[in-house]
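Okay, structure first, notes after.
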């Protein structure tokens, strides 16, 4: 009998290949494995309802194949209160939030963790995230996933060492192609299912159409960097820094004749500011200020620290100097100017392969 046979692990089953293989691997390792499918969104149209129903069907098929029980739970109320309302408030304030990070914090590693422990008697939970956990100096740290292309530590920086200690990440030290190969070898229905992309509650819908249902758009003018009126926008919330498509001013050939890009937003005047050329100087910043800091070890760096930072997912690590102030703000100075650093997104800090934590970008330093 396996030494793990008395340890109960509840796997978050999404209906995707990563959680499917996670459940399979844990079963192979002798754990007592059960699945839990979370419903986080009350669908408002048939397409989204079908997508969620398909995911549940796939999760059930995988659990049946593996011979494990699948539980379901509805966290739609928690999701609305803690993730969706934050998402809307950030857009209303002119920032560009990352709801996946908030979902991990409030749902997967709070509501799910508590439900699994209290209602299902879990010793551990497990997810299909591409990160690794290691015990260093009596504390768990979160390391990047072995597959650089799939590493998801950026989305999990709000976890603490206690969360990591209670969670298993079975695919964290496996490359994605190998995960798919295992799924195919085991004849799991999800082996060739495409990875989900975009914001889960929007799905395949047009972002603009979705947002319009919840936030009234405030049209305004588009100005170039010299203050000239060059067009009109339908709402600042539809635009992000560095954006080229959807500006509806493509026919203008003024200035250099290069394409127009969003370089700034003037929230007070409700003005979208654009410049020509993908490397327009206004797109670059020398650093950033971040708030709502969270450190995995719950202590964090003190004073001035050399480390690396990511200001968006899949970005290469940027060398920087990090200064954490007494006021709970982080001031980050890049070694080289960086493009399209966006308030509302997260800045996540690393010491080599270890994710230290991060915060929300409040403003940029020009």
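Any Cβ shown, glycine's included, is placed from N, Cα and C.
As recorded in Swiss-Prot, the features of this protein are as follows:
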BINDING   12, 13, 14, 15, 16, 17, 18, 19, 38, 128  ATP binding site
ACT_SITE  103  active site, nucleophile
DISULFID  103-200  disulfide bond
SITE      129  site 'Interaction with tRNA'
ACT_SITE  200  active site, cysteine persulfide intermediate
SITE      345  site 'Interaction with tRNA'
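Each residue contributes its Cα atom, and for residue 200 (disulfide bond) and the residue listed as 'active site, nucleophile' those atoms are 10 Å apart. Of the listed recorded positions 38, 103, 200, the Cβ environment within 10 Å is emptiest of other Cβ atoms at 200.
All protein chains shown were included, and the count of other CB atoms within 10 Å of the CB of residue 14 (ATP binding site) stands at 23. Look at the Cβ of each of the binding-site residues 12, 16 and count the other Cβ atoms within 10 Å; the largest number goes with 12. DSSP assigns residue 103 (active site, nucleophile) to a helix. Non-local neighbourhood of residue 345 (site 'Interaction with tRNA'): 96, 97, 98, 311, 312, 360, 361, each in the same chain, at least six residues away, with C-beta under 8 Å from its C-beta. With residue 129 (site 'Interaction with tRNA') as the anchor, the candidate recorded positions are 12, 18, 38, 103, and the one with the nearest CA is 18. If you compare every pair of Cα atoms in 12, 13, 14, 15, 16, 17, 18, 19, 38, 128, the residues listed for ATP, the longest distance is 16 angstrom. On a Cα basis, residue 103 (active site, nucleophile) lies 14 Å away from residue 14 (ATP binding site).
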